[in-house]
Amino acid sequence: MNVFRLSGDLSHLAAIIILLLKIWKSRSCAGISGKSQLLFALVFTTRYLDLLTSFISLYNTSMKVIYIGCAYATVYLIYMKFKATYDGNHDTFRVEFLVVPVGGLSVLVNHDFSPLEILWTFSIYLESVAILPQLFMISKTGEAETITTHYLFFLGLYRALYLFNWIWRYSFEGFFDLIAIVAGVVQTILYCDFFYLYVTKVLKGKKLSLPA
């Protein structure tokens, strides 16, 4: 494992922990897109079905279990425990416009036409756009809480670091996964505007708000 993958995994884990702590400590999921969290839960479920068929390492298995567990814990907090605080009026992105095309693309473009491989490919494509409901929600409300922006920053950082991981693996291992790289580039691009606002506003102590 190289430093970029490890840093990416830690950034991803930090994002998940920040979100869970934000919801639990505030006893509220206001400003959080439940639809994005449902998509992430679907991403991890379809990606890590290999937990049932293979073992790579204790680290690999542990991280997969943590991601799946935290994803469903987040969904539970939003839709069950703190349902009264969920802002469904602003969380209105039509997720079928993501899931259906991604499902079709994963059947057409994959590494191997087998159930597990198609589901893995589906998860890669879906993860690249799963944050869109959250970004759409922020665009509708016009602002985001600081802690929510920290969550989004670490989530975007995780994906950016994974791009460097792919570059490192190609340079030193000769490994090249076009599907993962293209999806990662798309996902990173979606965060570009947010990164700019995060650096120019949030890191200077200002609240992230979008221009009217």
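Each residue, glycine too, has its Cβ placed from N, Cα and C.
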PHE82 vs GLY205, same side of the membrane according to Swiss-Prot: yes
For the topological domain 'Cytoplasmic' (25-32), sequence-distant contacts whose Cβ falls under 8 Å of one of its Cβ atoms, 6 or more beyond its ends: 19, 77-78, 82, 85-87, 134, 137-138, 141, 144-145, 148
Quick note, ARG5 (site 'Interaction with the K-D-E-L motif on target proteins'): same-chain residues at least 6 apart with CB under 8 Å of its CB -> LEU161, TYR162, ASN165
Using CB atoms and a 10 A radius, I'd like the single residue among the recorded sites SER54, GLU117 with the highest neighbour count. GLU117
Could you tell me the C-alpha distance between SER54 (site 'Interaction with the K-D-E-L motif on target proteins') and GLU117 (site 'Interaction with the K-D-E-L motif on target proteins') in angstrom, no decimals? 14
Segment-segment contact (the transmembrane segment (179-199); the transmembrane segment (117-135)) at 3 or more Cβ pairs under 8 Å: yes
The predicted model's mean pLDDT over the topological domain 'Lumenal' (53-58) is 90
